[in-house]
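**Q** Below you will find the structure I want to go over with you.
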Amino acid sequence: MIKLFNTLSKKVEVFKPIDDVVKIYCCGVTVYDLCHLGHARSYIAWDVLRRFLIYSDFKVKYVQNFTDIDDKILKRAKEESSSMKEVSEKNIIEFHKDMDSLGIMRPDSMPRATNHICNICSFITILEDKGYAYSRDGDVYYSVFKNKNYGKLSNQNLQEQNINQQGRMVNEENSKKLNPQDFALWKKAKDDEPFFDSPWGKGRPGWHIECSAMVKDELGDTIDIHLGGSDLIFPHHENEIAQSEAANGKKLANYWLHNGMVNVNGQKMSKSLKNFKTIRELIKSGISPMTLRYFVMTVNYRKPLDFTEEALRSASEAWKNINVALSFMDLTKGAFISIDKNESIEEKYKEKISFELSQKKLKFSEALGNDLNTAGAIAIIYDLAKPLKNFLNQFQRVEGFTVELNEKFFLLENFKTLEKLTEVLGLKKEVLVKESKIKEEEISSLINERLKAKMEKNYAKADEIRNLLKEKGIELIDQSKEITTWIRV
């Protein structure tokens, strides 16, 4: 049984699919820049959901869009003296690199807004015909007050809202709108903007209508699960519901799941606070992709994730232990490839081990089935990794170390189970790096020496210290001009 917290009902519900194939739609990125830690948090969570559904014998169709036309993309294109298409294409390629590095399965379909303009226009026309939309001088708006159920996802009070076409809070009313709460379905093109032809003239779609049209085209009127960050509950997902249910006359999604935001040292991650972390920067700084993935899964997807040096270091050490266990076959140099057919193991012992491991698999499924309790699932992973790591400690220290047949059977079965369950979490073996023996006091001393060198503009010496520490397996992370942290790699 799988239970999920449904933002729509505000409670945990037993998951019941509509039919044989679970239909999932996830709001994708606006492709104007590299992905950040918040994106990693979101897409890792939904990757675990998808993997767990497949592990639980569900067939899944997973769709995630690209928003490839938007004010931010147009602004970036202008800054780079390039085109909207060039900016989008470049960042879609970089998106795939980041997601692949984190072990995130590629969606079954990744529609782009610009490829669905005809569907979007048809969708808007339906809303117009039904009286939910109106046009004003080339712009088209959704009339929020026509929809009595508006606000059911976010519990927003229409009387307290004052939102503009993008759904952002403002103080002044747009004179074209019947009400300030109405939002844009189609935007009239400005002189210097790319545009698409439509029944209302040249322009481009609003953000919210893109997803409604793509959900319908890719998955139908009603889907099982709609995913996104908690920052999308309002206005984006609220507006999606308003559009889709008005046009189709059916419920858009049975389950709405939203992940929590990322904080950096207790503060919300944002560009303005200069604590913004891209996935690329984090990995380049020496944090392995699987350490990052493990770190994200230590906290339930709905809760805020606090990115701190201490939490990251703890995750790095924990993942290192699991990674050693996943490297069991490599480290034992083929000694555990199989058990010879002539070697006899008591059936009672086999049954005992099989039962114990089946109980662990059951607890693992119960944890993930309880609203994706990844921390609980990781506890089972750690339990499986422990005997493998303990054995390796002996095996590598004692030359000619031998192992009894029963223990060999236990370790092999334990390893197979570990491999299977880590795959459900998307954790994959990484190349082991010999650990540095340098002490923390020496690291701190060298960091202070490097900071002093930088203040004196002796950058050659600063680089020399960085390289020295790197040779010893220590990667420095410059948080600011005055603050440098480190991790073992």
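Cβ atoms here come from the backbone N, Cα and C positions, even for glycine.
Straight from Swiss-Prot, here's the annotation block:
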{"type": "BINDING", "residues": "CYS27, CYS211, HIS236, GLU240", "note": "Zn(2+) binding site"}
{"type": "BINDING", "residues": "LYS271", "note": "ATP binding site"}
{"type": "MOTIF", "residues": "29-39", "note": "motif ''HIGH' region'"}
{"type": "MOTIF", "residues": "268-272", "note": "motif ''KMSKS' region'"}
**Q** What three-state secondary structure does DSSP assign to CYS27 (Zn(2+) binding site)?
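**A** Once the DSSP labels are grouped into three classes, CYS27 (Zn(2+) binding site) ends up as coil.
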**Q** Quick one: give me the count of other CB atoms within 10 A of the CB of GLU240 (Zn(2+) binding site).
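**A** Looking across every protein chain shown, the total is 26.
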**Q** Do you know which of the binding-site residues CYS27, CYS211 has the most other C-beta atoms within 10 angstroms of its C-beta?
**A** CYS211
**Q** Relative to the Cβ position of HIS236 (Zn(2+) binding site), how many further Cβ atoms are located within 10 Å?
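**A** Excluding its own Cβ, HIS236 (Zn(2+) binding site) sees 20 Cβ atoms within 10 Å.
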**Q** Cβ within 8 Å of the Zn(2+) site's Cβ centroid: which residues qualify beyond CYS27, CYS211, HIS236, GLU240?
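**A** In sequence order, the nearby non-listed residues are TRP207, HIS208, GLU210, SER212, HIS226, GLY228, LEU232, HIS237, ASN239.
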